[in-house]
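For reference, TrEMBL lists these features for the protein:
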type     : residues : note
TRANSMEM : 187-209  : transmembrane segment
TRANSMEM : 216-232  : transmembrane segment
TRANSMEM : 252-272  : transmembrane segment
TRANSMEM : 279-298  : transmembrane segment
TRANSMEM : 304-325  : transmembrane segment
TRANSMEM : 337-356  : transmembrane segment
TRANSMEM : 368-389  : transmembrane segment
DOMAIN   : 440-652  : domain 'Histidine kinase'
Amino acid sequence: MSVLRSFLLFLLYLISFSGYSSTPIEIGENDPDKDYVFTGGVIEIFKDTSRKITIKDIVDHHNVVFEPYNSAMVATILDSKADYWVRFTVINQKATSGWTIELFDFRIDDFELYVPNHYGGFEKFNGGDRQNFIKKTYKHKNFAFDVNLPRNKPNVIYIKVRSEGPVGIIGVIRSTKRFLAYAVNEYFLLALFYGVLIAMALYNIFMFVTVKDKTYLYYVFYLISIIIYASTQDGTGFQYIWPEMPELNQFLPDFSLLLVILFVILYCRAFLRTETESIWFDNMLVMWTFIRMGLYLVSFVHPVLYRLVCPFTDLVIFVFTFAAGIDVWRRQKYKPAFLYTVAFGFFFLGYTIYVIDHLRFISPSIFYVYSLNFGVALEAIIFSLALAVRVKVLLKEKQDMQEQIICHLKEKEQFRTKVNKELEQKVLERTQKLDTFVFKASHDIKGPLRSIIGLTKVGAKDVEDQKAKEYFEHILKSTTRLDLLLSDLISLTRIQQATLKEEEIDFKVLVEESFTSFSHLELYQNISVYIDINVKEPVRGDKSLYRSVIQNLVENGLKYSDPSKESPYFKVLIKSLERKLIMVFEDNGLGVDSSLKDKIFEMFFKIDSSTEGSGLGLHIVKMALEKIGGKISLDTAEGKGSTFVIEISLVKQLEFS
């Protein structure tokens, strides 16, 4: 019975529409719940260049001739100055209600959908991407409408399309239940797609902040650009990002695609280091960058030419970026370049299929529609792996470079140490020779000089001529001063050449010996001497060096005392404190200008050239302290006296004990 009914309906269709040559869509009574696609082979098209034809003219056949579109490809509307009427027939043997018509191309600017009703007229639906998204019946990325399809008769449906850019005429009739289930699954997959891209973008932002490599920043901008471009192609951008700005539907697709191309090139050049690793491909990429920007400017003048040339230009650019990865991998065996090539291969394949589908070279398929999404998702995952491997390679290169630098620095340090030792040895040898010469010369001169001093003293006593006596006294002073200088030079040479001895030091004995040696001086009788020695731990060291330090500082304090003061004094404090030996020599004598206290330890420095002495005493103190590991400081003021403070570490002495 159902077969007979179908046959009778088909005869009725043939009788009623003898001029209609396309195949109608038949919804059988027992058909499973499925999609009924209307495209090539099902639809007929009429081009209205006047843009004045109404639905009444269409139904009455006034100057209207529909041409069957029998190609398996999607029909594409190219003329922006004409209206296109699309007609197809549906024979429904199921329930009248519960149907949804969905148009896949959401980029149609304006359209009118006419569905026949029970009263012989039409139910009209309006839509287009120039309307705010909120006006849609279904808040869905595509255009969807609930319709009734009267049973057991041909339902002739008309669509009037007007659009500035190329759009495809393809849609589907589904049960509302099937439409909702399909929409949920589709949005779930889109959420996964955008989730992967956003996660990869955040990961690369973190890597850029950590590594400070601009390659990651280029990749982040590439991902943002591809997110915007993909959202313009699947309609989610209009739905979620700019629902109240439909004008962006015309501007963003071309602009975001340009950004995708530019950041792909920048990323490719930075990741593969083509400026040094593949110069020819780098030059090609730079050249095609300018060509692509120029082509974008053409879109404002000649949009049709732009849409014809742009896909092929982009494919050429992607071929160069793909080939650059192969070239660098082949030349350098650079592992990240291999992963880059694999990742970009997925993107290149997905984009190629996507372009072929949009150019209507292949039959429509859901896989072809979302081929770009699949390619980009796989590319993003593998690119992130490539970036991780690249970080390891860069860290390895950095580590190798650091090791080379360290090795080079070690070699330079060893060479420098060797040269310094050789120079120090030469300086030491020459210094020792010079010290030996000075010591011998001073010692050899000292004997005859003592004879001269003795003879001068005898001569001064025996001669009666007053002038002769004055001459002898001058000779005596000069020779005595020279003798003192030679004695100090000999002491200094002995200190420099001395080998340290370990002897127990009795500071009380050393201090008493020093004061006793100067007790014959007239100034000594008028000075109050205070001695405080409190050394609990035994101190071991070179006794001769300690004696030289104490004796020179005692002599300095006595020599530069101020006899004009009522109570001239000289204090000596020696104590051990926290593993340190502290020696303080304080007087209220003449003192010196505080600006000269650093110079006072220099060799042959004398504040007053008329004073006796060689100017070597305090220099000898400094050299002796350096020998035993001590340091000296001076606090002085002219007319107020001087305080010398010595610190010597007792750690070594205590360990020795």
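The backbone N, Cα and C atoms fix where each Cβ goes, glycine too.
Heads up, TrEMBL stuff is auto-annotated, nobody curated it.
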Over the span of the domain 'Histidine kinase' (440-652), how high is the average pLDDT in this prediction?
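A mean pLDDT of 74 is what the predicted model shows over the domain 'Histidine kinase' (440-652).
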Is it the case that the transmembrane segment (252-272) and the transmembrane segment (304-325) have 3 or more CB pairs under 8 Å, with pairs at least 6 apart in sequence?
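These two stretches do touch.
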Who are the long-range neighbours of the transmembrane segment (337-356) in its own chain, taking Cβ under 8 Å and residues 6 or more past its ends?
268, 271-272, 311, 314-315, 318-319, 321-322, 325-326, 328-329, 362, 368, 371-376, 378-383, 385-386, 389
Using a cut-off of under 8 Å between C-beta atoms, tell me which stretch among 187-209, 216-232, 304-325 contacts the transmembrane segment (368-389) the most.
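By the under-8 Å Cβ criterion, the transmembrane segment (368-389) pairs most with 187-209.
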Other than its close neighbours in sequence, what residues sit by the transmembrane segment (187-209), given a CB gap under 8 Å and a spacing of at least six beyond its ends?
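For the transmembrane segment (187-209), the sequence-distant neighbours (Cβ-Cβ under 8 Å, at least 6 residues beyond its ends) are 216-217, 219-220, 223-224, 226-227, 230-231, 234, 236, 370, 373, 376-377, 380-381, 383-384, 387, 391.
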Going along the chain, which residues at least six beyond the ends of the transmembrane segment (304-325) come within the CB cut-off of under 8 Å?
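The answer is 78, 165-166, 254, 257, 261, 264-265, 268, 272, 274, 278, 281-282, 284-285, 288, 291-292, 295-296, 298, 337-338, 340-341, 344-345, 347-348, 351-352, 355, 358-359.
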